[in-house]
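Here the structure is laid out as structure tokens; the discussion comes afterwards.
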């Protein structure tokens, strides 16, 4: 990815702003962690097996707010492996990466910091890097899909103040997943199918919802085949040639999708061997405090003699779905209870914004949506596809986001929708940028001379530089709007208010073990 050497001033500003936001995030969470006492939460909190040293205590004071809630699971897996059954809800690529950095790049610090502290530091450094790279990948993806560099730039800048910001900084897998998913989408749009497939496959080793990304490959291959059938003057195509093309498209789609599903399948097989195989006396090697925790909380240990878990006897033993069902009560409409109304209210902004985005696209492109984008349009034949959020290439991303929204709303703990969509779908940022660009007078007044630059050929952009610190900082549209917050349109205040309020509240609440999204 061209970062430091890129001639594109917008990309440099995206990276610069992302670095600044990440630094500010770490500073604020340390401040809130020092000023606000931690809430005593009923969450996974394994005992520490060794007494912390002075440097460990200092690091905990500075970065401890990023190790709460699910972060405890990731750090525990990185340190002890998949010891407890419910740990298998968290996929292995992220904790493996955290452990690799802790044992590799941070190895010189082993005399100063215990392994647990090095793992926390490793997670924070990795997520800082991944979040910056994800912002750059989102910008590149937006340039290709939107055909509008200005909106792509604004969307990438908004990503740096994402409502899911705290999960991009904490020891969660969201930043790594966002980087891999956005990069894979970008490579697929560029025609780099094999590299895209590799990145999508890695993403499915980070989070389970990476499996949904197989839809991008299926759609890409299906659309290419459908458009090929429409090329020409209507002459009857030879049947053998048609069969050959269909076989080629189907085989490549199946192969790529198999690669995306492979990490998930391998992990389920690993869990089956570990928890359903014969007992190996592993309890003799598990530290006593962790054994006692399992007894106190009812956690199932791996490879311990005794009855196998119920999921082991299923026809398709998938531990992931069993854990979601048994430990977290995840299922269709299970969260629709009166006592969950506050959580539905937490998810309301992202639900409304995503629904509005889908509706806007459908209204702007009714025929395109009815034909699933498989019909060759006149503007596309002339080589002038519509630019911006309502362009034809956005269709598959709108479908992707809508499927995730519906699944998350009806089948998951609804409060996680903000980070679920914020780390997986570019549509949230594209539509927010579209609203600001279309309805904010301060941005509309900049003109449209660069609206339809040709990003698909990656031509250099000759517009005004976004600038850097000092005088040029106002060229960053988000900074400009914040500096003029009293005079911006009400819609802009709502969009930026949602992003910034969740950005800040997440740091205050999550980092002190208080309930958040």
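Each residue, glycine too, has its Cβ placed from N, Cα and C.
All TrEMBL annotations are machine predictions without curation.
Feature annotation from TrEMBL assigns transmembrane segment to 119-139 (among others).
Taken from TrEMBL, the feature transmembrane segment covers 151-173 (among others).
Within its own chain, the transmembrane segment (246-271) is flanked in space by residues 82, 88, 91-93, 193, 197-198, 200-202, 204-205, 208, 210-211, 213-214, 217-218, 221-222, 224-225, 317-320, which lie at least six positions past its ends and keep a Cβ under 8 Å from the stretch. According to TrEMBL, the feature transmembrane segment maps to 246-271 (among others).
According to TrEMBL, the transmembrane segment annotation covers 344-364 (among others).
Under the heading transmembrane segment, TrEMBL lists 385-410 (among others). If one looks beyond the transmembrane segment (385-410) by at least 6 residues along the same chain, the residues whose Cβ comes under 8 Å of a Cβ in the stretch are 144-148, 151, 185, 189, 209, 212-213, 215-216, 219-220, 332-333, 347, 351, 354-355, 357-358, 360-362, 364-365, 368-369, 372-373, 377, 379, 416-417, 420-421, 424-428, 430-431, 433-434, 451-452.
Through the fold, the transmembrane segment (494-516) approaches residues 25, 28-29, 32-33, 36-41, 43, 65-66, 68-69, 158, 161-167, 170, 346, 349, 353, 415, 418, 432, 435-436, 478, 481-482, 485, 488 of its own chain, all at least 6 residues removed from its boundaries and within a Cβ separation under 8 Å. Residues or ranges marked as transmembrane segment in TrEMBL: 494-516 (among others).
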### Message
What residues elsewhere in the chain lie close to the transmembrane segment (151-173), defined as a C-beta under 8 angstroms and at least 6 residues from its ends?
### Response
10, 13-14, 17-18, 21-22, 25-26, 29, 65-71, 74-75, 90-91, 93-94, 98, 119-120, 123-124, 127-128, 130-131, 134-136, 138-143, 206-207, 349-350, 388-389, 418-419, 422-423, 426, 429-430, 432-434, 436-437, 443, 455, 466, 476-478, 498-500, 502-503, 506-507, 510-511, 516-517
#### Entry: Contacting positions for the transmembrane segment (119-139) when only residues 6+ beyond its ends and CB under 8 Å are counted
1, 3, 10-11, 14-15, 17-19, 22, 26, 59-60, 63-64, 66-67, 71, 74-75, 78-79, 97-99, 101-102, 105-106, 109, 113, 152-153, 155-157, 159-160, 168-172, 175-176, 178-179, 182-183, 186, 426, 429
